[in-house]
Amino acid sequence: MKIAVYPGSFDPVTLGHYDIIERTSKIFDKVILGVLNNRAKSPLFSAGERVNMLKEVTASLPNVEVQSFEGLLIDFVRQNGAAIIVRGLRAITDFEYELQLAQTNRVIAPEVDTIFLTTNLKYSYLSSSIVKEIAEYDGDISEFLHPAIAARVREKLKERG
Ligand code: ADP
């Protein structure tokens, strides 16, 4: 069984992420979405909330599973018996960081490969941080997120005041 891990912060999951998830689910037998619980970052949503939002938007994709993880990505990949890491590439600006990450991971775990899916052009400009910024200024985020996720972002920002 070919298992892939697609890791990220997903704070929150955007339609750009979803596009990569859907395409990945057609290539592999099983896809594990790894929600990075990074204590150094201060995300808008907790890891638990991000996991639940991903579960909600991927409910119709039976071979997609969601988990959160802390620590080294490679350890998470190994624990799940996966051999592939999937990342999305939007623009050349993503490339340098992604290349460095992939090469480092390959030194730590030569049996694990990273593959890149290029973004759907429709979403090539889209990032979770831009969406959060627009929402903070009361802008319309419905073009960028699943409706349930857009509602969650608005609620969260209201709670925060
Ligand atoms: P990270 O904090 O690890 O960059 P993100 O949640 O921002 O986590 O992104 C996870 C992965 O999804 C990364 O590989 C990123 O390049 C990719 N990604 C993010 N937004 C898009 C998009 N609009 N189209 C395609 N890939 C994307």
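Cβ coordinates are placed from backbone N, Cα and C, and glycine is handled just like the others.
So that you can see what the record holds, here are the features copied from TrEMBL:
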BINDING   SER9, PHE10, HIS17, GLY88, LEU89, ARG90, GLU98, TYR123, SER124, TYR125, LEU126, SER127, SER128, SER129  ATP binding site
BINDING   SER9, LYS41, LEU73, ARG87  substrate binding site
DOMAIN    5-133  domain 'Cytidyltransferase-like'
SITE      HIS17  site 'Transition state stabilizer'
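Everything TrEMBL records as a feature, shown here on the structure.
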| residue | record | CB count, 10 Å |
| --- | --- | --- |
| SER9 | ATP binding site | 19 |
| HIS17 | ATP binding site | 25 |
| LYS41 | substrate binding site | 9 |
| LEU73 | substrate binding site | 20 |
| ARG87 | substrate binding site | 17 |
| LEU89 | ATP binding site | 16 |
| GLU98 | ATP binding site | 16 |
| SER124 | ATP binding site | 14 |
| LEU126 | ATP binding site | 19 |
| SER128 | ATP binding site | 23 |
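Among the binding-site residues SER9, LYS41, LEU73, ARG87, the ones whose Cβ sits under 6 Å from an atom of ligand 1 are, in sequence order, SER9, ARG87. Among the binding-site residues SER9, GLU98, SER124, LEU126, SER128, the ones whose Cα sits within 10 Å of the Cα of ARG87 (substrate binding site) are GLU98. Here the C-alpha separation of SER124 (ATP binding site) and LYS41 (substrate binding site) works out to 24 Å. Note: the domain 'Cytidyltransferase-like' (5-133) comprises 57 helix, 29 strand, 43 coil (DSSP; helix = H, G, I, strand = E, B).
In this structure the C-alpha atoms belonging to SER9 (ATP binding site) and LEU73 (substrate binding site) are separated by 12 Å. Here the CA atom of LYS41 (substrate binding site) lies 20 Å from the CA atom of LEU126 (ATP binding site). Per the record's binding annotation for ATP, residues SER9, PHE10, HIS17, GLY88, LEU89, ARG90, GLU98, TYR123, SER124, TYR125, LEU126, SER127, SER128, SER129 show a top Cα-Cα distance of 18 Å. Mean pLDDT of the predicted structure over the domain 'Cytidyltransferase-like' (5-133): 95. Ranking the binding-site residues HIS17, LEU89, GLU98 by Cα distance from LEU73 (substrate binding site) puts GLU98 first. Of the recorded residues, HIS17 (ATP binding site) and LYS41 (substrate binding site) place their C-alpha atoms 19 Å from one another.
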